[in-house]
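Some notes on the structure that comes next.
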Amino acid sequence: MMQHLPILPILVPLLSAALLLLPPFQAKLSRQRWFSGAGLLLLLVISVLGLVESSTGASSFYLLGNWPQPFGIVLVHDRLAAMFVLLAAVLALAAWLFSLGGEDGLGAFYHPLLHFLLMGINGAFLTGDLFNLFVFFEVLLISSYGLLMHGGGKARARAGLHYVLLNLAGSAVFLLALALLYAVLGTLNIADMALRISQLEPSQLLLVKAAAGMLLLVFGLKAAVLPLHFWLPSAYSSAAPAVAAMFAVMTKIGVYCLLRVFGTLFADPGTPLHDFGQQLLWLAGLATLLLAAIGVVAAQSLKKLVAYLVLVSVGSLISVLAIGTVPAIAAVLYYCLHSTLIAAALFLLADVIAQQRGTVADRLVSGRPLQQPLLLGTLFIVAALAVVGMPPLSGFVGKIWLLQAATGTADKVALWSVLLCSSLLVLIALTRAGSTLFWRLNRQQAGAESVGHMQLGAVVGLLLCSPLLVIFGDAVMHFCLATAQQLEMPLVAITAGGNH
Amino acid sequence: MMELLMSIVIGVLTACGVLMLLRARTFAVMLGLTMLSYAVNLFIFVSGGLTAGKGAVLGRSDIYSDPLPQALVLTAIVIGFAMTAFLVILAIRARADLGNDHVDGNSGKSQEDSA
């Protein structure tokens, strides 16, 4: 059983999603809820087992159908994959818990779509084959289209159309890049591709470079880096809150792919393509960081503000990723964990606050008093401290680590000034938003709605991850460092063979 | 000659697809995406090299063509077809929800660039 562990994070959501579509579950929402929750718990257990397994040994490979490498499709189950799979499982559990507040009943297929989305996400994290990555991208995208439209409404239709069109165009570009790479290299196994790139003749390098440029465009679109970020704020702010929380991991898939695909393909320092795209990513990351911070200040509703906060985290991640040293990658991984969990918590919290403000909802104008100002205010302060990067929460540790990653003097000046300026802008915006939401009240009576136990549990659970990331900071940091070191030598992948 | 013809076909299809993709009405955009995906499918299909007279199945002839691009293009066609179907439904839904078929959902602001 243990040898099949790498494929279980894909199989379990696939099976549970398929079962959830059957009539016994479709007929009763309560059955769907229990079954869906059980499936997610099972996935969480599998992910934890996978993490433990990957942290003890070297990276392991799972050969689908036991075809020898590089002919068959291979799953790579290393620290990086295991870490992201666990992150997705935690987020999904929180999204499930929050949706029990009644949101899952707004459309017929919330639970099956959530599981299909997880299948796509886990597949994208685990696969070691570039075409397989495309297929899993499509699986997660089509589920996310459905989830984005969950609940219906004008804003969702408008944002959904943009999101779908952009991603379809992105898929076309991805396929072009794939075909070009296959034509030149004759393989789609990422590790094998890396090997062949290092042996390429100079005349063929240009084609690989063109394909790599297209891949950069696709992953940039997924990660929402600067010129390709316009879809994100409206899509994330109009999605149902549990869906938006789940989507917090979607931009990180772009970051993950940049790490995995580019980190492996151009790992050999001997190839002329070794630093491909790094300069571009560095500049784009910094620009994203700055513009997203301005977006945070300019946002007129809390959900939009949180969506821009996601962009801020993307900017920080991409710019430090471009530095490319082992400590930098380790810092990126830690910040990835922190920013995903906190962004998800903020999306959920924004909806809880909006529910208690009646007609003004989450718009940042004076409204009626909240029913539970003390509880929600405390949660908001904790979340804000974490996201701005104030001690003692994980944002502080993460940001310090990001800042330390800049080694060269020029890098240091650029990264420190941009990151700290954007942090200040975020701090100002969150202070203003918080005081508007909780203190600028009109004379209406507070509404009667109080937050549901499930919804509160989801928010508190996600927020608790922030102090946990600090308390167990030493272990997490060591894990991140070991992951970054493992990424430095990905060529082992092709020689190690399978252990199926 | 075959290579030239193929690249012209792919190029023209891509150009038309991108042009249509930049239109403001959902129907034109949908056609653009469809053309683009045709071009992409052809591109994948020829990525194994253009050859004539080679067997597609092992053992039937001494020389055989690269089977992988055919498998890839089949996958790409199926996925593209499903995505197009979804997009059509979404466009109809957006037309109903927003009251017009502009990709931004603006009503009556940019009538002059209708498809």
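The first residue you see is number 1, and the count goes up from there.
Backbone N, Cα and C atoms are what each Cβ position is placed from, and that goes for glycine too.
Feature annotation from TrEMBL assigns domain 'NADH:quinone oxidoreductase/Mrp antiporter transmembrane' to A:128-423.
Per TrEMBL, the feature transmembrane segment maps to A:6-22 (among others). Within the chain, the transmembrane segment (A:6-22) has long-range Cβ neighbours (under 8 A, six or more residues past its boundaries) at 32, 35-36, 39, 42-43, 46-47, 50, 60-62, 64, 75, 77, 85, 89, 109, 111-113, 115-116, 118-119, 122-123, 125-126.
Proximity of distant same-chain residues to the transmembrane segment (A:34-52), defined by a Cβ-Cβ separation under 8 Å and at least 6 residues beyond the stretch ends, is recorded for 5-6, 8-9, 12-13, 16, 19-20, 25, 77, 82-83, 85-86, 88-90, 92-93, 96-97, 111, 114-115, 118. Per TrEMBL, the feature transmembrane segment maps to A:34-52 (among others).
For A:80-100 (among others), the entry in TrEMBL reads transmembrane segment.
The feature transmembrane segment is assigned by TrEMBL to A:107-125 (among others). Beyond the ends of the transmembrane segment (A:107-125), by six or more residues, the same chain brings 9-10, 13-14, 16-18, 20-21, 25-26, 32-33, 35-36, 39-40, 43, 81, 84-85, 88-89, 92, 95-96, 99, 132-133, 135-144, 146-147, 149-152, 246, 249-250, 253, 256-257 to within a C-beta distance below 8 angstroms of the stretch.
Positions annotated as transmembrane segment by TrEMBL: A:131-148 (among others). Long-range contacts of the transmembrane segment (A:131-148) within its own chain (CB-CB distance under 8 A, at least 6 residues past either end) are made by residues 73, 109-110, 113-114, 116-117, 119-121, 123-124, 156, 159-160, 163-164, 167, 171, 174-175, 178, 188, 222, 235, 238-240, 243, 246-247, 250, 253, 257, 261.
The transmembrane segment annotation in TrEMBL covers A:160-185 (among others). Using a Cβ-Cβ cut-off under 8 Å and counting only residues 6 or more beyond its ends in the same chain, the transmembrane segment (A:160-185) has close neighbours at 130-131, 134, 137-138, 141, 144-145, 148-149, 192-193, 196-197, 200, 204, 207-208, 210-212, 214-215, 217-218, 221-222, 230-231, 234-235.
Remote same-chain residues near the transmembrane segment (A:244-267) are listed as 80, 84, 87-88, 91-92, 94-95, 98, 114, 117, 121, 124-125, 130, 133, 140, 144, 147-148, 190-191, 193-194, 197, 212, 215-216, 219-225, 232, 235-237, 273-277, 281, 303, 306-307, 310, 313-314, 317-318, 321, 329, 332, 336, 340-341, 343-345, 347-348, 458, 462, 487-491, 493 (criterion: CB distance under 8 Å, separation of at least six residues from the stretch ends). According to TrEMBL, the transmembrane segment annotation covers A:244-267 (among others).
Feature annotation from TrEMBL assigns transmembrane segment to A:279-298 (among others).
What TrEMBL records for A:305-326 (among others) is transmembrane segment.
Listed by sequence, the residues of this chain that lie at least six past the ends of the transmembrane segment (A:332-353) yet keep a Cβ under 8 A from its Cβ atoms are 80, 83, 87, 90-91, 94-95, 98, 236, 241-242, 244-246, 248-249, 252, 255, 259, 302-303, 305-306, 309-310, 313, 316-317, 320-321, 362, 370, 376, 379-380, 383, 386-387, 394-395, 397-399, 401-402, 405, 437, 451, 455-456, 458-459, 462-463, 465-466, 469, 476-477, 480, 483-484. What TrEMBL lists as transmembrane segment is A:332-353 (among others).
Under the heading transmembrane segment, TrEMBL lists A:374-393 (among others).
Look at TrEMBL and you will find A:413-435 (among others) tagged as transmembrane segment. Away from its own ends, the transmembrane segment (A:413-435) comes close to residues 286, 289-290, 292-294, 296-297, 299, 302, 305, 309, 312, 315-316, 319-320, 323, 364, 377, 380-381, 384, 387-390, 399, 402-403, 405-406 of its chain (Cβ-Cβ under 8 Å, at least six residues beyond either end).
Outside the transmembrane segment (A:305-326) by six or more residues, the chain places 223-226, 229, 232-237, 244, 248, 251-252, 254-255, 258-259, 275, 278-279, 281-282, 284-293, 295-296, 299, 332, 335-336, 339-340, 343, 346-347, 350, 364, 387, 399, 402, 405-407, 411, 415, 418-419, 422, 426, 429-430, 433, 481, 484-485, 488 with a CB less than 8 A from a CB of the stretch.
Long-range contacts of the transmembrane segment (A:374-393) within its own chain (CB-CB distance under 8 A, at least 6 residues past either end) are made by residues 309, 338-339, 342-343, 345-346, 349, 352-353, 356, 399, 423, 426-427, 430-431, 434, 437-438, 451, 456, 459-460, 463, 466-467, 470.
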